[in-house]
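In what follows, a structure is listed as structure tokens, so that the remarks can point back to it.
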């Protein structure tokens with residue numbers, strides 16, 4: 001099962017990604033993690049990425065696609081994968097298609113901007129595992145502590161209101177057009193597209209996802 005998650009930052013993708021990974025036994029592929037791992041491994045692609053990043057430039061779509069292809073060929077992607085944060089633009093989606101990376105489901109998490117601002121400003125994370133909590137909507141069992149390890153939770157610098165609003169503007173300009181792109185792909189029978197009401201409580205969104213993914 002190959003899945004792409006779409007939705008603005010704070011639409012609930014991270015929380016549901018954890019659920020999808022555990023339920024369906026597929027890894028989450030984040031381009032940031034993938035780039036860091038490639039640089040660390042010292043592979044040919046990793047060296048190219050390091051040179052570009054060291055020069056303060058953005059890694060090209062071609063290089064990211066090559067890394068995605070390399071990553072999804074690994075054993076743990078045998079049953080599929082979950083792509084989060086990629087593709088971000090229509091040229092990236094086109095490049096994926098040209099590279100023969102097919103996707104079974106595109107899930108759009110739909111949440112109004114104001115609710116997103118509320119959600120992000122109250123967000124707390126367990127940095128080592130990536131587990132995400134919220135003081136109001138998804139609190140940990142013990143305030144300020146991770147449920148699994150009991151370690152301290154922190155607030156990301158990115159979770160300040162001004163930063164959040166800037167990211168939402170960027171999302172609407174750059175990534176939102178992918179919604180139309182993948183709707184058309186679904187009409188052509190190339191993928192399945194589903195809109196998920198991300199305003200619902202976590203458990204209800206989870207139940208909706210189970211219905212969609214089976």
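Cβ atoms are placed via backbone N, Cα and C, with glycine included.
When 36, 123 are compared with the ATP site residues 10, 11, 12, 13, 14, 15, 132, 133, 200 in Swiss-Prot, the one appearing in that site is 123. From the options 122-159, 160-197, the stretch Swiss-Prot describes as region 'LID' is 122-159.
For the pair formed by residue 133 (ATP binding site) and residue 156 (AMP binding site), distance between Cα atoms is given as 12 Å, rounded to the nearest Å.
Comparing C-alpha positions, residue 31 (AMP binding site) sits nearest to 14 among the recorded positions 14, 123, 192. Across the region 'NMP' (30-59), DSSP helix (H, G, I), strand (E, B) and coil residues number 22 helix, 1 strand, 7 coil. Residues 9-10, 14-15, 18, 167, 201-202 of the same chain lie 6 or more positions beyond the ends of the region 'LID' (122-159) yet place their CB under 8 Å from a CB of it.
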